[in-house]
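Engineer: As annotated by TrEMBL, (6S)-NADPHX binding site applies to 64-68, 131-137, 159, 257, 318, 365, 432. The annotation K(+) binding site is assigned in TrEMBL to 65, 127, 162. If you look up TrEMBL, you'll see 402, 403, 404, 405, 406, 431 marked as AMP binding site. Summarising the annotation, TrEMBL assigns domain 'YjeF N-terminal' to 16-216. TrEMBL lists 222-490 with the feature domain 'YjeF C-terminal'.
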Ligand SMILES: NC(=O)C1=CN([C@@H]2O[C@H](COP(=O)(O)OP(=O)(O)OC[C@H]3O[C@@H](n4cnc5c(N)ncnc54)[C@H](O)[C@@H]3O)[C@@H](O)[C@H]2O)[C@H](O)CC1
Ligand SMILES: [K+]
């Protein structure tokens, strides 16, 4: 399997179709040849992943995804495997019909799927129902998809797990749970975010042996986030060189959130970290982490001198949306300091929209994003790429849309996708850490864009390192040590 030509580029379905057209019209490689190469690549992956497989069932849909399946079935039959093909219809057209004929000539083991029928057992099921052509929730195939998922037989998905939207990562209805997905020619962006995490399984991208020239000059939509960390400190560095983060939050009795934010900023290398919070949080903060300089702030007048000394602000953890929190939030936004907004800092922004002129990073989860765009969480998750870009445009800020496959969007349209992280990170306080990490990186001189990308990557990779002791029971504070290790580029410790 060749490494994809541009290993980090992600494409929309339309852009992949443009690549197909270029392959066919400029390189003179026919659609049927592409289909044959796809089948060959997928069959090789099947044999590598399941070397003991002797019996397979290939489920073929009406389009070219089905065509890939028919040709894979022919290859498997030719290699001596026992092969059944179950098809949704015999209405294939064009290349898919030619592929179906190829299968029919090599074996006549084709069955039409009936809802009441049971599925033949096999070592592996091959999902060739729908690929990039999926344009709505599966109707007739929904019951078949549920049967396949319930069978317990491992599934190899061709190009896209059927039912997953290759553009958005959304599943409008039933969708295949694959153990392995082999996707052709280019990485579709929907394979990396949203429901993809539970549908795709292991993912292999196969360029089908096409020459690099195919991708040159072709538009891409997004980029896979790469591991980043700051360069080592110069030997004569002192704390003043690494900026001063001011974390603002922690209403009565909510010291935990702002403490995690401050600690994460310290562990991410900020030279100084101050905390502006309610007076009754001071003892908790000072005893837990004396390196944090905690200040009791009753209102804007006490906040002002702290703002003047700060390089970057982290606003929102535990802030609340009451009079106190709102007053501090307004003063912070009017200070003209670069900032990271999270949690209630975002909920207040949803109530009083601002477009930022200073470097700003917003870190909403889908619910906060919905409030910021006056829509529903379901709408956000239906197209996370569009939502992240809409937020970045509306607020003129770098936006991190959290969730499986966090997206980092720049107001100019650039977008990175983070594939690290795990479900254990859904616990409280994880977002507070990210706020502190990003603020600390900005305080050390990173642009909002670089700080958001580096911060999301460090946060998620720290979560994966900490999850090696188990995802269940993973706590935000478990990430603080790995954060320091990764932040220094020492991930192999
Ligand atoms: N990208 C490449 O270079 C290659 C792509 N190939 C394969 O082709 C499919 C895309 O094929 P296409 O015919 O466009 O669509 P699908 O096979 O995914 O879908 C078939 C057909 O089904 C209809 N449809 C869509 N959604 C539904 C639904 N929910 N219910 C019922 N019917 C639906 C719609 O009309 C579609 O056209 C790609 O994924 C690759 O596997 C080449 O074969 C290899 C190279
Ligand atoms: K498929």
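Cβ coordinates come from backbone N, Cα and C, glycine included.
Because TrEMBL annotations are produced automatically, they should be read as predictions rather than curated entries.
Context for these features, please: burial, neighbours, distances.
Structural biologist: A sphere of 10 angstroms centred on the C-beta of residue 132 ((6S)-NADPHX binding site) encloses 23 other C-beta atoms.
All protein chains considered, the CB of residue 127 (K(+) binding site) has 29 other CB atoms within 10 Å.
Taken residue by residue with DSSP, residue 406 (AMP binding site) is part of neither helix nor strand, so it is coil.
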Engineer: Starting from the Cβ of residue 405 (AMP binding site), draw a 10 Å sphere and report how many other Cβ atoms land inside it.
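Structural biologist: Neighbour count, Cβ to Cβ under the 10 Å cut-off: 24.
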Engineer: List the residues of the same chain that sit at least 6 positions away from residue 159 ((6S)-NADPHX binding site) in sequence and have their Cβ under 8 Å from its Cβ, in sequence order, or write 'none'.
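Structural biologist: 38, 65, 68, 131, 132, 166, 181, 182, 183, 184 - these are the non-local Cβ neighbours of residue 159 ((6S)-NADPHX binding site), listed in sequence order.
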Engineer: Specify all same-chain residues, apart from the site residues 402, 403, 404, 405, 406, 431, whose Cβ lies within 8 angstroms of the center of the Cβ atoms of the AMP site, ordered by sequence.
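Structural biologist: Here the non-site neighbours turn out to be 365, 366, 400, 401, 407, 418, 421.
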Engineer: Of all the binding-site residues given, namely 127, 162, 365, which is spatially nearest to residue 402 (AMP binding site) at the Cα level?
Structural biologist: 365
Engineer: Could you state the CA-to-CA distance between residue 64 ((6S)-NADPHX binding site) and residue 403 (AMP binding site) to the nearest Å?
Structural biologist: 32
Engineer: Under a three-state reduction of DSSP output, how is residue 431 (AMP binding site) classified: helix, strand, or coil?
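Structural biologist: The three-state answer is helix.
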Engineer: My understanding is the cutoff is Cβ-Cβ under 8 Å with a sequence separation of 6 or more in the same chain; which residues meet that for residue 406 (AMP binding site)?
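Structural biologist: Looking at Cβ-Cβ distances below 8 Å from residue 406 (AMP binding site), excluding near sequence neighbours, one finds 193, 400, 417, 418, 421, 456, 460.
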